[in-house]
Amino acid sequence: MSEWWTYRLEDFLLFSPRVYWRMFELANAASWPLHLLTLAAGLAIVLLVLRRPRRHGLWIALVLAAFFAFVGWSFLWNRYAVIDWAIAYVAPVFGLQAPLLAFGGARGSLAFNRRDIAGRLGLLIAVAGLVVYPLLPPLFGRPWASAEVFGIAPDPTAIVALGVLLAASGGPVPLLFAIPLLWLLISGLTLHAMGDPQAWLPLLAAATTAAALALRRIAR
Amino acid sequence: MIITRRTFVKAAAASGAALVLSAAAPGAPPAPVMRAVPSSGEMLPAVGLGTWITFNVGDDPVLRDECAEVMAAFFAAGGRMIDSSPMYGSSQPVIGYGLEKLSRPEALFSAEKVWISSAADGPAQIEQSRRFWGVPRFDLVQVHNLVAWETHLETLFAMKAVGQIRYVGITTSEGRRHDLFEQIMSAHPLDFVQLTYNVVDRGAEERLLPLAAERGMGVIVNRPFRQGALTRQLQGEALPDWAAVIGAKTWAQFILKFIVSHPSVTVAIPATTRVDHVRENLMAATGPLPDAAMRERMAAYVRDL
């Protein structure tokens, strides 16, 4: 790209805020009542992290993997990439989180057993992604129909994943942070370019996760 | 390229026909002022329709219908040129949807772009764009933002030679790469150039607009409202009393009249999602237009706000 320094973030925005939020409305209408299942699965993940029954690592990894694959295909590829050609390159990366999680879970190397400050903060982040995120529309003057729900929309899916990963240990865990963090950065910058007041939320979730990881490293 | 007598006579005849048509339809909206394409004399209304962001609505059925309504109002008000690009997300299939819904208006002047870094893939991209629009051929294909411009221009001139397209052009926006743009204009027989020009972005006046006139190239003006930022900025300000002299009732009309009154400008292509705005835009190309002195006054007024 020539004269790249003359481009602003807004120059890369291909759609209007109205089209962006209508995309969530249409996705919600098309997938309802799947939301009940995804939310129940999200709560089950949190319970599994708290109770840690046998093979909990495998089940958490498989459920998260299923939702990364589903959101990457149904939302990012089938909807978002239609209005933003760049997302056609991002969607497969988002979906790549699914085999990474499944691989980590299947190897039996994932355990959600950290109860340090970062781990507890992670659980708070996960609950916020699960419960608070769908409640945001009226706070930002949008209709309920545009709610972002875990397992249906990418931001809460990435936030819940980061939250529970903060409570995880095992071989591939550091690698598993990369894709959700990258997604939240992209999403936050997109919302910022749209002038949307919600832009700080995905960025805050990513920054809090990064800070928690740094804190854990320092404490070590 | 020189405007020949034949070209001039064709243009004058078409202008006369436009006036007759306008006079023959009492109660119909006044016809927009027409501009001749320098290389052919074909007459085009001085205001067209851009689709950047506004027509990128994906598969949303409600928003697709709204775009079709904008297109219907555009054609009803006498508009012809619709401009798009493969870069604009789903805008091309949305235009195709609108054209199908409107039973393919004969007035359409289709302006597209080729935008792909692999020059060898240019023809395939143009063909894909044509299918999205559902037109037998494009009137104009432009090299978008000078991407792989040398090979794409070869392709476009070859397509023009065999009648697969009617006109060839290049585009830039927001004042980027004007030096290279000027070099290409000087070296190649382009029919159109597309660039950014408005009451506050006047860089094109220095070299590009005079060169377009000298070389007989049509000028398409993009981002007339700076993607809406300019009209939003002026929203709280009162129009000067003397705006009535040129028939400008809104800031959008004030800005469009400034643009289309430049002697080198052929068509301005504002984009909108609103039927009332598309009518307002077309109305800007009717009635009196500012002369050179008034244009300077307009620019000074906006600058001093």
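Using N, Cα and C of the backbone, Cβ positions are placed for all residues, glycine too.
Among residues of the same chain six or more beyond the transmembrane segment (A:32-50), those with a C-beta under 8 A of the stretch's C-beta atoms are 56, 59-60, 63-64, 67, 112, 123, 126-127, 129-130, 134, 149-152, 160, 164, 167. Look at TrEMBL and you will find A:32-50 (among others) tagged as transmembrane segment.
As annotated by TrEMBL, transmembrane segment applies to A:57-76 (among others).
The feature transmembrane segment is assigned by TrEMBL to A:82-105 (among others).
Taken from TrEMBL, the feature transmembrane segment covers A:117-136 (among others). Counting residues 6+ beyond its ends, the transmembrane segment (A:117-136) has Cβ neighbours under 8 Å at 39, 42-43, 45-46, 49-50, 142, 147-150, 153, 155-160, 162-167, 198, 201, 205, 208-209, 212-213, 215-216, 219 in the same chain.
Residues or ranges marked as transmembrane segment in TrEMBL: A:148-168 (among others). Same-chain neighbours of the transmembrane segment (A:148-168): 24, 27-28, 31, 34-35, 37-39, 41-42, 45-46, 49, 57, 60, 64, 67-68, 70-72, 74-76, 94, 97, 110-115, 118-130, 133-134, 136, 176-177, 179-181, 183-184, 187, 201-202, 205-206, 209, 212-213, counting only residues six or more beyond its ends whose CB sits under 8 Å from a CB of the stretch.
Among the features that TrEMBL reports, transmembrane segment is placed at A:175-194 (among others).
Marked as transmembrane segment by TrEMBL: A:200-219 (among others).
Taking Cβ pairs closer than 8 Å, the transmembrane segment (A:200-219) reaches residues 116-118, 121-122, 125, 128-129, 133, 136, 155, 158-159, 162-163, 166, 177, 181, 184-185, 187-189, 191-192 in its own chain, all 6 or more past its ends.
Proximity of distant same-chain residues to the transmembrane segment (A:175-194), defined by a Cβ-Cβ separation under 8 Å and at least 6 residues beyond the stretch ends, is recorded for 9-10, 12-13, 17, 20, 90, 93-94, 96-97, 100-101, 104, 154-155, 158-159, 161-162, 165, 168, 200-203, 205-206, 209-210, 213.
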